[in-house]
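Lifted from TrEMBL, the feature list:
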- 41-64: transmembrane segment (TRANSMEM)
- 71-99: transmembrane segment (TRANSMEM)
- 105-125: transmembrane segment (TRANSMEM)
- 137-160: transmembrane segment (TRANSMEM)
């Protein structure tokens, strides 16, 4: 039941961001531009973010355990990173495409990093435990939330451009990203 509720909340947040973009469109936003931003953000995050998050988790675990042999998890764990991370990364990318600003700012990058944190935690929350205790949130926070925040920030930086850069007025996202 927790899995269905979590999936519904994540999908609702994604749909709400799309509705916000359609209702609050800028003068140069056409339907094609909005669709292009949504698809480009979703695909870019889905292909790149799980690998970034998985590598971050592996590096932290190897540093904590002080065992360099754990670094082989990066190679053998790559399919597992995508198995658990592709759906929240795809949804985070769609939100990043829906909330794509005209001019990139650090605040916009921070918002997508927070979306990555929430979506990463949300993907692991159903597997944490049956009780609603604070201790049940530690595992999803460290395994899903922090890697989701890091990969969300890095992918948003690549997708939006460095802070201060302005989105081209006439190009769609596939020509820019």
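Just so you know, glycine gets a Cβ as well, placed from its N, Cα and C.
Contact count against the transmembrane segment (105-125) (Cβ pairs under 8 Å) is highest for 137-160, out of 41-64, 71-99, 137-160. Under 8 Å from some Cβ of the transmembrane segment (137-160) lie the Cβ atoms of residues 40-41, 44-45, 48-50, 52-54, 56-57, 84-85, 88-89, 92-93, 96-97, 100-101, 104, 108-110, 112-125, 127-128, 177, all in the same chain and six or more residues away from its ends.
Residues 10-11, 13-14, 17-18, 20-21, 34, 37-46, 48-51, 53-55, 58-59, 61-62, 108, 111-112, 115-116, 119-120, 122-124, 144, 147-148, 151-152, 155-156, 159-160, 173 of the same chain, all 6+ positions outside the transmembrane segment (71-99), place their C-beta atoms under 8 angstroms from a C-beta of that stretch.
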